[in-house]
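Going by TrEMBL, these are the annotated features:
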type	residues	note
BINDING	G17, D79, D80	Ca(2+) 1 binding site
BINDING	D39	Ca(2+) 2 binding site
BINDING	H357, H362, H540, I606	Fe cation binding site
DOMAIN	2-118	domain 'PLAT'
DOMAIN	107-553	domain 'Lipoxygenase'
DOMAIN	554-606	domain 'Lipoxygenase'
SITE	W103	site 'Essential for stabilizing binding to COTL1'
Amino acid sequence: MPSYTVTVATGSQWFAGTDDYIYLSLVGSTGCSEKHLLDKAFYNDFERGAVDSYDVTVDEELGDIQLIRIEKRKYWIHDDWYLKYITLKTPHGDYIEFPCYRWITGKLARDDQIHILKQHRRKELETRQKQYRWMEWNPGFPLSIDARCHKDLPRDIQFDSEKGVDFVLNYSKAMENLFINRFMHMFQSSWSDFADFEKIFVKISNTISERVMKHWQEDLMFGYQFLNGCNPVLIRRCSELPEKLPVTTEMVECSLERQLSLEQEVQQGNIFIVDYELLDGIDANKTDPCTHQFLAAPICLLYKNLANKIVPIAIQLNQTPGEENPIFLPSDAKYDWLLAKIWVRSSDFHVHQTITHLLRTHLISEVFGIAMYRQLPAVHPIFKLLVAHVRFTIAINTKAREQLICEYGLFDKANATGGGGHVQMVQKAMKDLTYASLCFPAAIKARGMESTEDIPYYFYRDDGLLVWDAIQTFTSEVVSIYYESDQVVEEDQELQDFVKDVYMYGMRGKKASGFPKSIKTREKLSEYLTVVIFTASAQHAAVNFGQLFLGMYPEEHFIEKPVKEAMARFRKNLEAIVSVIAERNKNKKLPYYYLSPDRIPNSVAI
């Protein structure tokens, strides 16, 4: 009688093991086996981190094995089990892999595309669509997961115990580092000295923070932060001076180094602008009647000097010009100019946290994640490709809605946009959240910032393009492995449903967003997947920080050799980028490493 060797790997996270009875049956092209209890005498099966092997003998030939059925029956109390994978050694000595990487609470089946098993594929999605429901958290926002709190999430996307502890410790550590209670107390009284500001950050110390603290008042550092700081996505080349910023050559003449008029400097591409129009009309925080908070909506004009460095030359703190809204200049009194720059930096903080970080990485990645779980079965190659890039994203966002951006949360306590202003900002910013703006090369070009010769110190652009190209090369290889033609892409209904879900729910069906309703070519599919991966990994890394690094896929969902080879090439390309960036940073007093692949997390979860 034919005999198979079944190897079962249990997850290593807390409580992953089980004492329940585990039954296995094999489904082949010519037959199905009986259920076999996987149990070894005098041995504790399926312990956390264990890899257990069992011999399974069947009564007749089963043909090519297409499906493994796992049934878990309660032993004593309810006891979930995290199954990593199952491998099968056939009587002919061949090995078949069945990746899983999910919590098992009842029955599990793994299948491929054969006709007899398509019903299981449909049932998997029907079950998922009941678990992963869309919800409007606030009007005008991208839709999010229908869960009031973390424990309401499906088990497979909750933080595991170790990650949950890690989140709590990191959150507590951040609050400690920021002296948050002392920080709040300081807000409620006037600051008499810049040293008060420095006291907040005494525990946050590294080469970059120390250099910034030493030079933050200087114009060169102020300009540099627009290129390579935490929000390097707003600066754009100024093609025409806006009427709402009535700056003249006479006003900025002492800052211009080429003996040209301001208009001529604009024509030569030496003038840049950062406009915080989004903040115009946003309500300042009024949650604490004892603390008056204020917002500005500045316009900052910058100049590329003869050393090719970007420096500020004019700042207007609000959008409507007039006597009540003067233009501040480097030639003004020292502290007038410095306070104008502080207002710009304050506005930059609000746009960075709420739009660049929250909306354009966290919330949009959650949209991709929910749509993926709703429309792509676990055996779909696109699911396997993307699942690592939405890991814990829905969980971290749910935690944020519970603790950070909710009413009376940390945003309300600590930010001038708290108390509803941050909600208004997201609602206004949705009109600019387009598909093209998430395509990194197109976004750089749209701001007129693509020239490495004209703007040589824009490391966010340089490193981002390298990483984007590496990801796109990888996604193109994966797409070509599974889709032999554009027609196959167009006829993949599960893929089309995924793309449609993102458009209809994530972008609320708005045609102006430019998000595709469907994808008809392999090239467009590769670009779309690159957008998803880059947004969740590299873009988030550039505006935040990292953990599980890009190119590392510890959960081996793919079993096909060509994909594993493509992953190896992807990692090799990323390693080359790491070397390029390390060499560039070697002699820099202020290195830029946020987009070095060895520091880029796979997903937005902190």
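Here the Cβ of each residue, glycine as well, is placed from N, Cα and C on the backbone.
Shown on the structure are the features that TrEMBL records.
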{"residue": "G17", "record": "Ca(2+) 1 binding site", "contacts (Cβ under 8 Å, 6+ apart)": "T10, F46, E47, R48, G49, A50, W81"}
{"residue": "D39", "record": "Ca(2+) 2 binding site", "contacts (Cβ under 8 Å, 6+ apart)": "Y21, I22, D45"}
{"residue": "D79", "record": "Ca(2+) 1 binding site", "contacts (Cβ under 8 Å, 6+ apart)": "T18, D19, D20"}
{"residue": "W103", "record": "site 'Essential for stabilizing binding to COTL1'", "contacts (Cβ under 8 Å, 6+ apart)": "D80, W81, Y82, R155, D156"}
{"residue": "H357", "record": "Fe cation binding site", "contacts (Cβ under 8 Å, 6+ apart)": "H540, V543, N544"}
{"residue": "H362", "record": "Fe cation binding site", "contacts (Cβ under 8 Å, 6+ apart)": "T393, I396, N397, A400, H540, V604"}
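Of the binding-site residues D80, H540, H540 has the largest number of other Cβ atoms within 10 Å of its own Cβ.
Within the domain 'PLAT' (2-118), the DSSP-based counts of helix, strand and coil residues read 4 helix, 58 strand, 55 coil.
In the domain 'Lipoxygenase' (554-606), helix, strand and coil residues by DSSP number 28 helix, 1 strand, 24 coil. Across the domain 'PLAT' (2-118), the model assigns an average pLDDT of 80. Of the chain residues outside the Ca(2+) 1 site list G17, D79, D80, F15, A16, T18, D19, D20, F46, W81, Y82 have their Cβ within 8 Å of the site's Cβ mean position.
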